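Pulled from TrEMBL:
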DOMAIN    A:87-294  domain 'ABC transmembrane type-1'
TRANSMEM  A:30-49  transmembrane segment
TRANSMEM  A:87-110  transmembrane segment
TRANSMEM  A:122-145  transmembrane segment
TRANSMEM  A:165-190  transmembrane segment
TRANSMEM  A:223-243  transmembrane segment
TRANSMEM  A:273-296  transmembrane segment
Amino acid sequence: MTSATNTASRAHGSASLKHRLAERGIDTKLLLLVPAIVFALLLFVYPFAYGIGLTFQPLAATQDQWGGGFLSNYVAFFRDAFIFDSVWLTLKLALPAALFNVLVSIPIAFKLRNKFRGKRLLQTLLVLPITLGTVLTAQGLLIFAGRQGWLNRFLMENGIIDQPLALVNNYIGVMLSLIISGFPFAYLLISSYLSGIDPSLEAAAKTLGANWKQRFRRVTLPLLAPGLATTFILTFVLAFSVFPSARLVGDASGDTRVLALMAYRAFSEQLDYSMASTIAIMMGVVELIVIAFVFLGRSFLYKGSTGGKG
Amino acid sequence: MAPSTNTFETLELKNVGRSFGGHDALVDLNLTVRAGEFIALLGPSGCGKSTALNCLAGLLPLTHGEILIDGKRVDILPSEKRDFGMVFQNYALFPHLSVEKNIAFGLQMRNLPKAEITRRVADGLALVKLQEQAKKLPGQLSGGQQQRVAIARAVVLEPRLVLMDEPLSNLDAKLRLEMRTEIRRLHQSLGLTTIYVTHDQEEALSLADRLVVLREGRVQQIGTPEELHNNPTNWHVADFMGYRNIVDLTVDSVTGSLARVSGHGISIMATVAQTAAVGDTVRVAIRPSDLVVLAPGESPQGRETIEATVNVVEYQGREFAVEVTTTAGQNLFVHAYSALLPGSTVQLSVDPSRALVYRTSLDQVDDSRRQLAGVPA
């Protein structure tokens with residue numbers, strides 16, 4: 001500490017102010033940050049703050065119905081079962097979908113680590129759904145799995161079922177859509193985490209007498225776990241903000257009444273901007289709570305290098 | 001720690017080979033290892049030595065041949081059932097486990113009772129003098145300490161064979177010498193059987209009971225350090241064994257095992273290590289320390305002398321490493337015990353038994369060279 005002050009006082013003696021500022025990283029290059037800061041302020045910070053402000057300006061109708069003064073929107077959010085239940089409905093979709101995507105990606109990423117003929121083709125097929133929009137996926141699901149879709153027609157004509165399977169316009173339809181669009185993300189992330197683990201660690205475990213189950217449980221999984229947590233969070237956030245597929249292949253006023261739909265409805269059908277903002281903010285809060293839990297769990301895991309040399 | 005009880009009589013590699021696609025990484029490796037031996041596999045990178053080790057460890061399946069222990073095939077066993085310990089070049093310590101848990105890993109896999117694991121881990125830590133570091137993670141250790149953990153982790157299992165893949169190549173020069181002694185000490189005191197891969201001839205010569213020199217997947221020579229040091233079987237092995245002067249000369253005459261070879265301003269008597277006929281172009285190998293610089297006025301004792309000009313003089317402690325150029329422009333490396341002046345002219349001589357004549361080609365040689373070079377078949 002003393003040596004630092006010494007240097008500073010000596011610098012004060014000879015170097016110019018410009019030099020002393022530059023030493024602390026303050027120079028004209030900082031001006032390059034201006035466009036980014038303006039952009040962030042105008043397009044993120046201001047609308048976000050404005051949105052939060054809106055939530056405290058409830059419509060008169062909301063205040064009459066739920067009371068609570070300027071907090072009336074929040075009172076409505078928690079008291080109105082139609083709105084509040086959609087928190088659980090959204091979680092019921094997003095949590096299992098994220099969990100499924102992560103868990104299924106692990107063995108596939110494992111298998112695809114080895115070299116084999118046709119690996120690239122298989123990888124392309126697995127990642128392809130990323131390039132399809134959710135709308136295209138929904139359209140495909142309707143054509144394939146709808147009441148009059150190929151699958152049901154095939155099964156009915158061959159006498160395997162009497163009644164068409166209800167695979168779309170309900171919970172299952174949205175779940176399928178979330179898996180189709182979320183899996184490639186999970187797979188890509190996990191396979192990159194996996195490739196970051198030094199293969200000689202597994203070789204070492206092998207020569208020490210560990211069979212494949214022990215190698216996975218004792219070596220690979222602990223090193224992969226932080227990556228799995230991150231992947232889970234990302235796919236969860238993607239699934240939690242589901243909107244188009246909930247409307248197109250879901251049951252928009254029943255089982256798949258997700259939060260994004262509720263916010264959209266509040267603003268477009270009821271013209272209640274303040275309620276829509278409240279729902280949007282609460283979406284963020286629920287996401288943050290889930291993420292906080294995952295990070296809490298992650299903090300107990302080893303997070304250092306996985307390169308083997310430590 | 002008690003000497004390893006888990007031992008065998010002989011380990012046999014029969015025609016062991018490994019190809020990758022169309023490329024032969026290892027061809028027809030035949031080797032019999034007796035219990036307690038220290039074998040070094042030596043060669044430049046890409047020579048197949050690591051492939052051989054990985055085949056032994058079971059990390060790579062063989063494409064040809066078999067590996068037998070006391071007559072029983074082990075190459076069909078998976079790696080985890082072979083009961084070999086392996087030390088990796090990058091140590092491959094589990095970064096999420098503490099030093100003691102790394103060492104305990106193999107013991108836990110064998111479902112040993114807790115008390116025994118604790119005892120053997122403590123023994124292992126004491127063996128490599130890392131008791132203080134027991135609770136640390138590998139990332140908090142220095143390179144040398146990590147290496148010692150890797151060795152302890154492999155030897156606490158009292159494996160019947162220890163495989164080491166260039167374990168010292170990531171350490172600095174001083175630590176490398178210390179660890180070399182340490183490895184040899186452990187090998188002796190624990191009665192281990194060790195197969196050690198390296199590209200450093202000095203390391204191999206100092207550690208091993210026998211060396212296997214490989215080139216492009218093929219065995220060039222198997223022998224004791226002395227045999228390899230004094231009687232390399234071809235110029236490639238000679239080059240690897242410190243015969244720094246490798247000069248292409250022409251055979252003028254052959255008398256018994258001696259030949260007169262000349263060219264590039266050099267004309268000397270040399271020993272035929274492989275076949276040589278008059279008129280052949282041959283490759284002559286001489287160690288820098290065997291090229292003697294004659295003091296002014298000293299008689300060459302009936303030997304031919306080579307006249308050369310001093311180029312570069314490097315001080316190396318006890319001696320000087322000197323680069324000289326013959327009158328015909330051939331560079332030679334010699335050792336001198338006094339400082340020579342760059343630009344001065346010197347006379348060199350060499351004992352004919354220390355100048356070895358090889359064929360220029362490295363293709364499979366006939367068996368006659370074995371008798372000539374005195375290498376047991």
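Including glycine, each Cβ sits where the backbone N, Cα and C put it.
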Long-range environment of the transmembrane segment (A:273-296) - Cβ separation under 8 angstroms, sequence gap at least 6:
51-52, 54-59, 62, 73-74, 76-77, 83, 87, 90-91, 95, 229, 232-233, 236-237, 240-241, 259-260, 262-264, 266-267
Close approaches to the transmembrane segment (A:165-190) from elsewhere in its chain (Cβ under 8 angstroms; 6 or more beyond its ends):
92-94, 96-98, 100-102, 104-106, 108-109, 126-130, 132, 134, 137-138, 141-142, 145-147, 149, 151-152, 155, 224, 227-228, 230-231, 234-235, 238-239, 242, 245-246, 249-251, 254-256, 258
At a C-beta cut-off of under 8 Å, are there same-chain residues at least 6 beyond the transmembrane segment (A:223-243) that contact it? List them, or none.
90-91, 93-95, 97-99, 101-102, 105-106, 174, 177-178, 181-182, 185-186, 189-190, 193-194, 196-197, 201, 258-261, 264, 283, 286-287, 290-291, 294-295, 297-298, 301-303, 306
Same-chain residue ranges lying at least 6 outside the transmembrane segment (A:87-110) that approach it to Cβ under 8 Å:
126, 171, 174-175, 178-179, 182-183, 185-187, 189-191, 194, 224, 228, 231-232, 235-236, 238-240, 242, 246, 255-260, 282-283, 286, 290
